[in-house]
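The structure appears below as structure tokens.
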Amino acid sequence: MEVGFLGLGIMGKAMSMNLLKNGFKVTVWNRTLSKCDELVEHGASVCESPAEVIKKCKYTIAMLSDPCAALSVVFDKGGVLEQICEGKGYIDMSTVDAETSLKINEAITGKGGRFVEGPVSGSKKPAEDGQLIILAAGDKALFEESIPAFDVLGKRSFYLGQVGNGAKMKLIVNMIMGSMMNAFSEGLVLADKSGLSSDTLLDILDLGAMTNPMFKGKGPSMNKSSYPPAFPLKHQQKDMRLALALGDENAVSMPVAAAANEAFKKARSLGLGDLDFSAVIEAVKFSRE
């Protein structure tokens with residue numbers, strides 16, 4: 001199976017590498033073309049524009065940083081729309097809002113192409129291990145045709161119906177994750193300021209009902225003030241903002257998420273946006289100094 005892949009950031013690079021390792025022919029594009037070099041060493045082909053990738057491949061996957069990037073790749077000069085046509089499938093796995101997905105869907109289908117949104121739950125390590133959770137919506141036939149690729153990229157794929165539902169589900173998942181991370185950060189800081197061992201707190205949490213992979217995986221490095229970026233904080237804050245907008249649309253009160261968003265915004269103002277989202281703990285520390 002031959003696929004195109006647009007966007008080689010932390011997630012896109014790991015995902016496209018998995019496709020290559022599992023026998024897929026992969027043609028890649030990235031705005032900074034030098035990021036394609038390692039994938040070329042593993043057998044990927046490179047195109048100089050998204051349009052060229054679409055022209056070459058029946059199926060093209062995109063994994064981009066935000067709604068602006070997702071729209072740019074589709075609508076700008078040399079973009080997806082220049083070559084999308086009947087028989088072509090476009091799978092956008094970026095985390096965007098439902099409005100952005102709907103706009104892309106309308107443009108793709110208006111040219112005769114087929115569209116699936118497929119945002120993922122999971123960060124760098126699950127992407128490298130092929131253990132993402134795929135939250136797909138849109139063209140059902142294209143979803144089913146994409147299963148061989150999805151099975152390489154993730155441990156389970158959900159089909160959620162019409163376009164927009166995948167985006168909404170992803171934002172809700174990330175809103176919960178961000179709120180949990182902020183509460184977790186407050187707990188670690190509170191333990192430390194109370195004269196208790198935050199490492200002991202991790203052990204206690206791991207033995208009880210609140211045990212989870214995020215606390216177990218992030219806690220030790222947070223206690224060492226180390227935040228290698230698996231999921232950049234700036235993207236977590238973007239998702240919190242979009243989730244709060246979804247709450248506004250549906251008249252859902254979300255004070256916990258709103259407070260967490262403020263902490264992530266504070267962390268960004270401290271210059272921590274490119275670090276892992278667990279660096280939000282530094283904003284919690286700052287607020288208590």
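The backbone N, Cα and C atoms fix where each Cβ goes, and this holds for glycine too.
Listed in Swiss-Prot:
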ACT_SITE  Lys170  active site
BINDING   4-18, Thr95, Lys238  NADP(+) binding site
MOD_RES   Met1  N-acetylmethionine
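The residue listed as 'active site' counts 28 other C-beta atoms within 10 Å of its own C-beta, drawing on all protein chains shown. Checked against Lys170 (active site) by C-alpha proximity, the binding-site residues Gly4, Ile10, Lys13, Ser16 yield Ile10 as the nearest.
All protein chains considered, the CB of Thr95 (NADP(+) binding site) has 29 other CB atoms within 10 Å. Around the Cβ of Gly7 (NADP(+) binding site), the same chain contributes Trp29, Asn30, Ala62, Met63, Leu64, Ser65, Ala69, Val73, Ser94, each under 8 angstroms and 6 or more positions distant in sequence. When secondary structure is read from DSSP and collapsed to three states, Ile10 (NADP(+) binding site) falls in the helix class.
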